[in-house]
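Positions annotated as transmembrane segment by Swiss-Prot, on the basis of sequence analysis: 15-35, 55-75, 93-113, 139-159, 182-202, 229-249, 269-289, 295-315.
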Amino acid sequence: MDPIALDERIGTLDYLRGFALLGIILVNILGLLTVKTPALHSVDAVYQRFLYFFVEARFYPIFSFLFGVGFYLFIARANTRGENGAILFLRRILVLFIFGFIHFLFQPGEALTVYASCGLLMLPFYKIKKEVNLFTGCILLLFVSIFAAKIFMPLPLILLGLSAGQYRIFEKLARYKTETAIFTFFMFILSVGGLLLQYCYVPEQPFNNLNGLEKNYQNMDQLKWFLHLGVATGPILSAFYAGFLLLLLQAPIARRLLSPLKSYGRMALTNYISQTALILLAGKLFHLFNRITYLQSLWLCLAIYVIQLIFSAMWLKYCKFGPLEWVWRMMTYNRKFPILLKKEAD
């Protein structure tokens with residue numbers, strides 16, 4: 001295997017991770033603070049529709065796909081260094097599961113334990129041909145999407161991420177701008193079609209979907225189809241979002257303007273868990289549980305964006321890794337790593 005070129009590819013992945021995190025919090029906050037059901041014809045009702053059209057089930061697929069890419073890169077790099085990549089990866093996902101279990105105590109809808117479990121299931125696929133992984137991932141994703149089986153969605157997405165790593169897609173993006181643009185346009189067309197289909201079932205009244213569907217909700221079948229189609233079309237919109245961002249990143253000015261997103265993504269584990277911490281802290285300090293509205297949840301998320309984006313950029317000016325990324329790395333390799341960046345000599 002050729003040596004893996006890291007810099008540009010990993011930078012691209014960090015932008016995508018950061019972007020995915022921006023969307024994930026908008027949905028997670030709803031359950032964490034038990035957001036109030038919007039009033040009919042209110043701004044909150046409009047924002048709820050926006051979330052279920054453009055955010056819900058549209059961002060975690062990106063994160064799942066990137067986990068698969070990272071899975072491949074981690075083992076490939078370890079093997080290139082002469083280490084046992086499979087054993088190191090097992091230790092890595094064990095530590096991730098521990099992080100996830102602790103996080104689960106505060107956020108029952110957390111994803112780290114799911115990724116760790118899926119990583120264990122996906123390990124044998126590392127040695128399978130990339131063509132087989134791509135075909136299997138597409139078939140599984142189609143099957144899961146048709147049935148809107150959200151709980152199983154990460155599996156095919158991680159497998160597709162693994163195959164993308166095997167194809168070394170993120171090393172070739174600069175050479176395939178036209179292909180990326182065609183893919184993104186195709187995903188845009190499919191996204192428009194999916195959204196129009198979902199719009200046909202948009203519920204007239206706001207709803208509460210935080211702890212299961214309301215039993216006395218009018219037009220229950222319509223609501224179920226609306227939510228079903230939202231999950232089913234999620235990977236398509238995710239692919240469009242990711243493709244559009246990748247096209248933007250081809251421009252140097254876009255990379256500079258979006259550089260805070262890169263730092264945000266480099267500290268994805270720290271920021272994902274601290275999102276929960278900041279939401280729960282705000283809920284406790286400002287008595288937001290069961291009282292906050294949909295629109296107010298957006299303002300709180302924007303405040304958390306500012307805090308985390310600034311913190312990530314400042315932290316990485318002086319440190320090599322995010323706080324939890326550093327702990328994760330040391331527990332994976334069972335040795336200490338310096339966290340501070342070396343100061344350049346005058």
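Glycine is treated like the rest: Cβ placed from N, Cα and C.
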Out of 139-159, 182-202, 229-249, 269-289, 295-315, what stretch is closest in contact terms to the transmembrane segment (15-35), meaning most Cβ pairs under 8 angstroms?
269-289
Among 55-75, 93-113, 229-249, 269-289, 295-315, point out the range having the most Cβ pairs under 8 angstroms from the transmembrane segment (139-159).
55-75
Which bits of the chain, at least 6 residues beyond where the transmembrane segment (93-113) starts or stops, bring a Cβ under 8 A of a Cβ in it?
28, 31-32, 60, 63, 119-120, 154, 269, 272-273, 276-277, 280, 324, 328, 331-332
